[in-house]
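**Student:** Below: one structure in C-alpha cells.
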C-alpha cells in the first residue's frame, strides 16, 4: 500500500513540475513576444489609418460609416480617445490590443476551470494558452495599432458566448450576451456570426423561451441595422460570389485554420505551404466536429457541461468567422489565407479545441499534454523567424516617416505607408496643426525654423557619422532630395534622429535610423546605424546633417554635408533585343513584372551607385512613356560599407501603346549601367522567358 501511495505521490510531483515547466515556457514566450512588439510600436499612421476621420470629423455618421465590409464603431471610439488623450500615437490602440489578448486568455482559462481542469492541469492549460496567445506569428495584429478591431471582435465574441452559457438561466447573462454581441457586430464584420452562435447556445442551454426570443430578435436587429445602406466593396468578393466558388471558399477556410502550424510544418518538411496548411486545417475541422458532437449530445444543465458547450460555441463562432473572411477574400487566392492577421482567430480556435479535448477524460488530457510539448517547442524554435519578419515588416513602413515629417513627396518611400503616396501628405497639415501622431513630439515641428532656436549645437567630435549622398527626387521644382548616411555615436546618447539644415541654418528635413535596412546594419563597422531622410533645398551641397542627442536640454551635433550630390536616376531604352547586355556579368534581380491596363510595372534590385544611377532596358515592347524610381529595398539591401553604393531598389513603369501584351516573342532585359560598379545583367526571376540566354 505504501509503495502505491509513494508512486502516486511521485507521479503527482513530476506532473506538477511538468505543468510548472509548461507554464514557465508560456510566460517566457509571452514576455519575449510582447517586449519585442512594444519595441516595434509606432506613432505613424499606416494603411487604413490614413482613411480614418480626424478629430474634427468624428460624428455619429462617421462612427457607423462602412470601412470596407466592416462597421467599426467601437474601434473608432478608441481611435478618437487615443487622439484626444495620447496625441494620436497609437498608445491606447496598442493597450487595447494587449487588454483584448489578456481578456481572451482569461475567458478561456476560466472556462477551462469550469469545464473540469483544476490544480496542475489548470497550470498546464495556462501555459499552453499563454504560448499560443502571444505567439509572434500574429505580426500585423501586434505591430499595427489599427488592428484593435481584429483582436477585439474575437474577445467580444468569446465573452458573449461565456455570458450566455455559464451564468445559468438568469436574465443578466442574456442581457450581457446581447450587449457583447452588439460590440462584436460593430467592431468588425466577423462579429455578425456572434448573434447566430449566441442564439443557438441559448436554445442548447435551455434558456427560458422569453430570453431565447429576445436574443433572436436582438440579433436580427443588429444585423438588419448593419445592412442598412450597406454596399459590397467592389475589390472584394461577396456573398453573391460565394455560390459560384464553394470549393475555393472551403479550401480558404481550411487553409486559414491550418496556416500557423502549416507554415511551421512546411518549413520543417520542405513541402508546399498550402498543402501543409490544408491538411492541418482539415484535421482541426474533423476534430472539432467529433468533439463538438460529443459535447452537444451530452449537454446537461450543470456547470461543467455548460462550460464545455461554451468551448464548442467559441470554436463554432471562430469557424464561422473564418468562413466570413473566406467569402470576402477568396478572390485574392490562398496566399491571403496566410496573412498574419488571421492567425489570431485561428489560434483561439485551436486553444478552444485543446481545452475541449483535455476536458474529455484522462487519456485525452495526457495526449494533449504530449502535443503541447511539441507545439511549445516549435513556437520557441521558430520564434526568431517570425520576430525577424515582424521587424522587416515594420522597417518597410518606417521608411515613409522622414518623408512625411519633412513634407517631401518621396513617392517611393511614402508608398510604404499608403498605396497612394499623395494621401499621407494630404493629411499632414491637419495632423501637424493638431499635434497628433509623429507631430506630438516637439522636434517634429521644427521644419522651416532655425535649428539654434530649439537645440544647442554640440562640437563635431561629439558624434561620428556620415552623410553619404543626396539624391534628387522627380518632383516638380527640382528642390526635393532623399538623403542617406550612417551614424556611429561616440557616446550612448545619440537618439537616431537626424535634422537636415540648409545654409541659412534652417531645418529643411529629417532623417531616422529606426529599423532602416536591417541587413545593411550588420555590415556597418563599430555598431554604426544607417539612416535615411528627405529634405527640400535649392542647393543640396549646402545642407548639413545633425544628429540629436537624448536628454535635456536639446543638443545637436553635426555629422557633415553630403559626400556625394547625385544625379537623378536614368533609364535608357533600346529597342534592339538584348543589345549590349549579353556579355555583362549577372548582378541584380527582377522581382516582379506585371501588366495591368496597358502599363507594365517592373520591380527589382540592382547595383546602382550614388553618383549616377542608371538602368538600360532592352525591349521590343511599344513603349509610349517610361519612368524610373529608386529606393532602398528593406531586407534585401546589399551589405556594404562602400560609400558609393546608392539605393538598390527600383521601380520601372512603362506605358504601352494599345493592344500590347507580354506574350510570346516579347523581349524584356535589364542591366545596370554604373560608373562605379560597371554594367551588370539583372536576372528575371518571375519571367525568365522574357530575357532568354
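Using the three backbone atoms N, Cα and C, a Cβ is placed for every residue, glycine included.
Because TrEMBL annotations are produced automatically, they should be read as predictions rather than curated entries.
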**Student:** Among the residue ranges 72-90, 91-109, 243-261, I'd like the one that TrEMBL describes as transmembrane segment.
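**Tutor:** That would be 91-109, per the transmembrane segment entry in TrEMBL.
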**Student:** Which stretch does TrEMBL mark as transmembrane segment, out of 53-69, 342-358, 393-409?
**Tutor:** 342-358
**Student:** Select the range from 12-35, 210-228, 275-296, 308-330, 342-358 that forms the most Cβ-Cβ pairs under 8 Å with the transmembrane segment (150-176).
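**Tutor:** So the stretch in question is 308-330.
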**Student:** What same-chain residues lie close to the transmembrane segment (121-138): Cβ under 8 Å, and 6 or more beyond its ends?
**Tutor:** 16, 18-27, 29-30, 33-34, 36-37, 101, 104-105, 108-109, 112-113, 260, 263, 340-341, 343-344, 347, 350-351, 354-355, 358, 365, 369, 372, 375-376, 379, 383, 386-387, 390
